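If you check TrEMBL, you get these features:
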TRANSMEM  160-182  transmembrane segment
TRANSMEM  194-212  transmembrane segment
TRANSMEM  241-258  transmembrane segment
TRANSMEM  270-291  transmembrane segment
TRANSMEM  322-344  transmembrane segment
TRANSMEM  398-419  transmembrane segment
TRANSMEM  425-445  transmembrane segment
TRANSMEM  457-483  transmembrane segment
DOMAIN    511-637  domain 'STAS'
C-alpha cells in the first residue's frame, strides 16, 4: 500500500470506512534520535535555552549546574529567618542521629557527625530541593555495616573497616553521579513501591532487634543480621542483661515514642519530636555523669576527638582483594540512598508545588558522597525524618542545610567532650524510634487490597530481610519484581471482543456481559508490544481462540455461520519486532489454509510501517484487510458473508 495522506471514504452499508494511511516517512537517524531523546531526555532539559542570547544561555547553564545561583541572588533576610530556625531544629535531630547511625554502621560515632557537616554543604550548592535535609540514614547505614562486616571485623580491624566504608562511599557516589550524568535514573525504578515498603519494614525490624544489644546491656552479641540468630543471641546471654541499662532504655524509649506520637498527631508541635533525641542525649549524659553509670554496667560512648573532618582520600581502596566488595557495597547502598533521597525530595516538592529534577538530584547526591568519601564521611542522602522536620519548621531554601552544617561544625570544634558520658542505650532508643516510622502498615494493606502479586513481592522482601539478610532480601524482592515485568511481557493480555448492542463499541466479552459476539468474526485485542519474548505465546493463544470458536460452532444450525474472519485490534500494540512480523505472516498463511481471512485494525505508526516493509507480496496489508476501527471492519466485511447480519451490527 502506497503512502497516502489523503482521506478516502467508502460508503458500505451506510458506514463510512476510512482508509488507513501510512505514517510520515522518517529516516532511521530521525527515529533513533527521537527514541534516544525519549529514553534519556524525557524532560527536555535544553528547551530553556531555545531562542536565548549567548549571555543568557551561559547564565542558564550555570544555574542548571549550580541551582544555588538561581535562588541565591534573590535571597532575603526574611527567608534567612525561616531557614535559621529550621536549620537549628534539624541540627538538634542530626547530631544524635549522626552518632547513632554511625554506630549502626559499625563506624566510630564521630564519623556520623563528620557526615552531617560536609555533605549538607555540597548539597546546598548542587541540590534542587528546598526541603531535603542531608545526612546519614538508617537503611544505608545498616546495609553498609552488614555487607562490610561479612568480610572484615569492625572490632578486630577497625582501620581497614573504616577504609572500606570510605571506599564504598566513593563508589556509591560515583555510581549515583554517573546515573545522573548519563541520565539513567530509570534504573532505580526497578525498586518498586511494594519492594521498598517490604524491604524497609524488614530492615526496621532487624535494626530494632539489633538495638537490643544496647537496650539490654549485652556485651557479646551476634554479628549476624537475621531474626533467628539475633533472638537466639538475646536469650542465650540473659546473664549479661543489666537492669540499670534496661530501666534507662525503657524510660527514654517511652519518652521518645510519646514525643514522636505527639509530633505525628499535631504537626504544629513538630519541635517536640525534633528536639526529643537531643534532649534525651543531654539528660541521659548528665544522669550517667552524676551517678557514674559506667561503674554500674551502663555502657557509654567514651571520649570523642575534637576537630573538623580530616582528609581521607589516602584511605580509599581502588585495587586489591577488597575492590569487588567495596564496589558491590557502594552500588547497593548507592541505589538505596538515591531512591530514598529522590523520593523524599519529590514528596515535599509536591507539597510546596515546585519541581525537583531527578537527574540533578542524582548528580548532587553522588558528588556529595564522592566529596564525603575524601573527608571522612560515609554514605549520606536526604533523610525522611529530618526532611519532615525541616519542612514543618518552615524551611525556604537549602540554606537550612548550611545552618545545620555550621551547627555541627561548632559541635565538632567545641562540644565533643560533652558527649563522652552519653550512654549507648539512649542511642539505641533513638534508632528504634527513628526506624519505627519505616514500617508502613496502611500502605501494605492498600497494596493487598489493590494487587495481590505486589503484596507477595512485599512479603518476600520483608521475609528475605528478616530471615536471611538485608542484601539478600533486597535481591529477592528485586528479582520477583523483575519476574513480574517479564511475565507481563512474555504473557501479554489478549481478550475477545464483542459488540455492545445498539452501538459501534466493541469491548471485552468477559468484562461487559451485555456485549455480544458477531457471527463469523473472531475479534481479538492484543494489549502489549509484540516481540520475540511473546510471539510464540501469542501464536499458540490465538490458535486456541480459533479452535475454541470452531468447537463452539459445531452442531449449530445452518443459519449460524462458522468462522470467516480473524480480526486483530492492534490499538494496544505500541511496538513490534521481527519476531512479531513473523507471527503475523505465519498466522496469515495458517488462516489461508483454513479458508479464513486475516484482518488488522488500527496499527500505530511504527507497527504499520514495519508490517508494510515486511509485506513484500502485499497480501497481508491489502486495503480490504486493514481498518481504522473494529466497527468499520465488521461493517465492511459483513457484506461478504452470505447470511443475515444481526441488527446490532
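Backbone N, Cα and C atoms are what each Cβ position is placed from, and that goes for glycine too.
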Recorded stretch that, among 194-212, 241-258, 322-344, 398-419, 425-445, has the most CB pairs under 8 Å to the transmembrane segment (160-182): 322-344
Non-local residues, at least 6 beyond the ends, that sit with Cβ under 8 Å of the transmembrane segment (270-291): 89-90, 92-93, 95-97, 99, 248, 252, 255-256, 259-260, 262-264, 298, 300, 388-389, 392-393, 418-419, 421-423, 425-427, 429-430, 433
Tertiary contacts of the transmembrane segment (322-344) (same chain, 6+ residues out, Cβ under 8 Å): 132, 137, 139-140, 143-144, 147-148, 151-152, 164, 167-176, 179, 185, 187-188, 191, 196, 356, 358, 361-362, 365-366, 369, 379-384, 387, 471, 474
Secondary structure composition of the domain 'STAS' (511-637) [DSSP: H/G/I, E/B, coil]: 56 helix, 21 strand, 50 coil
Long-range neighbours of the transmembrane segment (241-258), counting only residues six or more past its ends (CB under 8 A): 214-218, 276-277, 280, 284, 287, 293, 296-299, 423, 425-426, 428-430, 432-433, 436
Integer mean pLDDT for the domain 'STAS' (511-637): 84
